[in-house]
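Everything below concerns the one structure shown next.
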């Protein structure tokens, strides 16, 4: 679809975001690098973390935009609907079935792929039922998701206690987000899967534009609504599993990113929205981590600050009457 | 009356089991003669059982009051920011005046809980009136925001450990004589709520109805806030966060016997106690001699009941 | 021709449609009329495959709507449901462009552009084309939806109460345009109308539904009789004649 007057504006937006991300990434890699000594070691360490932050950000941002299009609502996010709690629960269930030693014996990559596979299946069944026909009663759907989230989290700690009341804390670590602990072994798998899912999302972009018109209009335009919904939910599941596996669950980050994306990119075209969301989210994480880790020396705060800001943003949307 | 009887029939045996179950083996018949058994009973088993009953009853009553104030059935003290606000107040007073006596700390927690709940009510009065389901969502998000603040402050001041015990899932395993008596204050607040039951019921019908019947909505609101806050603050500081009791018990009772609060509050209290007692026992028995916190058990069971309620009753049903 | 045979439909135990059999002629303007809750919209939505068919068979120009791929159907018929809130923030022209999507599926060409501009012209939307959907009035948004349906350029148009939100002048203009299209280009229109006089003035064929069953169907003269309409709406009506068409009078 040719939209000359808007597409130039969006071109500037995407270019600007890319440059901004590149600038922060360069700063991240090079800032305060010692003139000699362990330079290559430090660079490698920084590179791992940078890649992790970008993957986590981009996956979360894109997953949220995708999910909001499926749900037909600008407030629902995969995290609010309990996607990441489901993933954490899945991880614990795996421990339950195989035992701590059994899970430890699994190769990291295979275990991750297995989890993502099961997660995708479950998410499609569960949220496909909940949202398949375009969620008529949206507030109730939100509430259901929130409660499902609580249910998954409680089940998770329940299982955790049953598995091993003493080593409970180890299992429980999964349920707290930390951007400082990015698993380098998992990163290549996360990166690969995220790239695949993003390409898939871009291929769906035109169909997603139609999906954004609501079920009725979409069906009338000949879109295979159910199939696109399920495909999109599968992509969302993969894109949520990656950041959750890498850093843990982050509830409100996606909402913040999606809100900013729709505010900055004045378009409904997913070909623009999806990359914009990915770039915005990655830039926010890299810049935020740079600020907290290097400037303020307190790396752990970023996730707390994001939750706080995201929660306030949600309240703002609620009070402005934008949530319906 | 039948519901009270049924509740007691459930609660009393559960209490008896609770007195009998524990890591230490004692002979129940010898409680009066064997000094060791007497000690276990009076120092640990009895306080724990009483604590569970008091907490369950008080939280369920607080849930009813809160639902009347907010005019929405889908809220409870743990989904309105009340509990997190109490923790914030407690944290603040512990930082500012570490040596303050316990009653000052409790007072700070209660006042802060009241302020948090007032903010919640302010927010939801600004929501579109027909958006019933958004009210609990707003509450849960507000809880998240306040809890982020608490975590942040706790982190900064190296007090995360305390914060953890308040905000994490509540449990009764630490309850011994001398460490639960604050819960009697919560129970007293619940009794107070029973005396004012008619006022809350009328407020639940709307500000204009209340004014028309000669009640001051603001005064009733303040009293309700006080009850909810005191109950929540005492529970949080003694045993931690207990989810869903204040949410599901009032809903089930209202489904069975309607909203005549004077008649239903005692039923709510007994059933709340019975539910919590049952969950505490489950938590104590599943991986005996270890324990699963009652908050976790309730998180699973309560969420299940709640989802059932959500899809059973018509979507628009308000208080 | 749309052929409907033996269609039943129920939601949660409530029977909405019972044993509907009808054929809607090609190249005609067909109006579905009937009291509230008669099942008019449901029938239209079943034809437009917005709701899944529970029993019976519906075919459009010989294509079974259950067997034919939805993409192919979108090239044959366009259905406009009652307006729903669209989350995407769209300008009116962008919305109308989606009407071409079944033809290009993401890769538009010049002919798509022409069709969009024609549809915008037809509904007098050019001055509003760059406004956002949530910034225009209900009637203007309704016209934009109609323009999108027109831009789909299908043989069949199914419209669910298209006059909602439209003022008298625009309602009249729409009905006149539909009638003209049917007469001039051989297209076929099926529309649910709430106000029976719009059917009386413009329709070639009328299907009257009551309580989920067809009460009468045929040419306007056959269906719009005093006996039939009085029974249909449980209200006494008088039929007058205005410029050679029936006019239904039911005030006092």
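The backbone N, Cα and C atoms fix where each Cβ goes, glycine too.
Positions annotated as transmembrane segment by TrEMBL: A:12-30 (among others). With a threshold of 8 Å between CB atoms, the same-chain residues lying at least 6 positions outside the transmembrane segment (A:12-30) that come near it are 43, 46-47, 50, 54, 264-265, 272, 275-276, 279-280, 282-283, 286-287, 289-290.
The transmembrane segment feature in TrEMBL is assigned to A:50-73 (among others).
If you look up TrEMBL, you'll see A:85-106 (among others) marked as transmembrane segment.
The transmembrane segment annotation in TrEMBL covers A:112-131 (among others). Residues 70-71, 81, 83, 86-87, 90-91, 94, 106, 141, 144-145, 148, 186, 189-190, 193, 229-230, 233-234, 236-238, 240-242, 245 of the same chain sit 6 or more residues outside the transmembrane segment (A:112-131) yet have a Cβ under 8 Å from a Cβ within it.
Away from its own ends, the transmembrane segment (A:186-208) comes close to residues 48, 51-52, 55, 58-59, 62, 66, 69, 108-109, 112-113, 116, 223, 228, 231-232, 235, 238-239, 242, 245-246, 269-271, 274-275, 278 of its chain (Cβ-Cβ under 8 Å, at least six residues beyond either end). Sequence annotations record features per position, and here TrEMBL assigns transmembrane segment to A:186-208 (among others).
When Cβ-Cβ distances below 8 Å are used as the criterion, the transmembrane segment (A:228-259) is approached by residues 52, 55-57, 59-70, 74-75, 77-80, 83-85, 87-88, 91, 112, 115-116, 119-120, 122-124, 127-128, 131-132, 174-179, 181-183, 186-187, 190, 193-194, 196-198, 200-201, 204, 207-208, 211, 218, 277, 280-281, 284, 303, 306-307, 309-311, 313-314, 317 of the same chain, each at least six residues removed from its ends. Look at TrEMBL and you will find A:228-259 (among others) tagged as transmembrane segment.
Taken from TrEMBL, the feature transmembrane segment covers A:271-292 (among others). Sequence-distant contacts of the transmembrane segment (A:271-292), counting only residues of its own chain at least 6 positions beyond either end whose CB sits under 8 Å from a CB of the stretch, comprise 7, 10, 13-14, 17-18, 20-21, 24-25, 27-28, 31, 49-50, 53-54, 56-62, 64-66, 179, 198, 201-202, 205-206, 253-254, 256-258, 260-262, 264-265, 298-302, 305-306.
Tertiary proximity for the transmembrane segment (A:298-319) is limited to same-chain residues at least six positions away from its ends with a CB under 8 Å from its CB atoms, namely 74-75, 177-180, 247-248, 250-253, 255-256, 259, 285, 288-289, 292. According to TrEMBL, the feature transmembrane segment maps to A:298-319 (among others).
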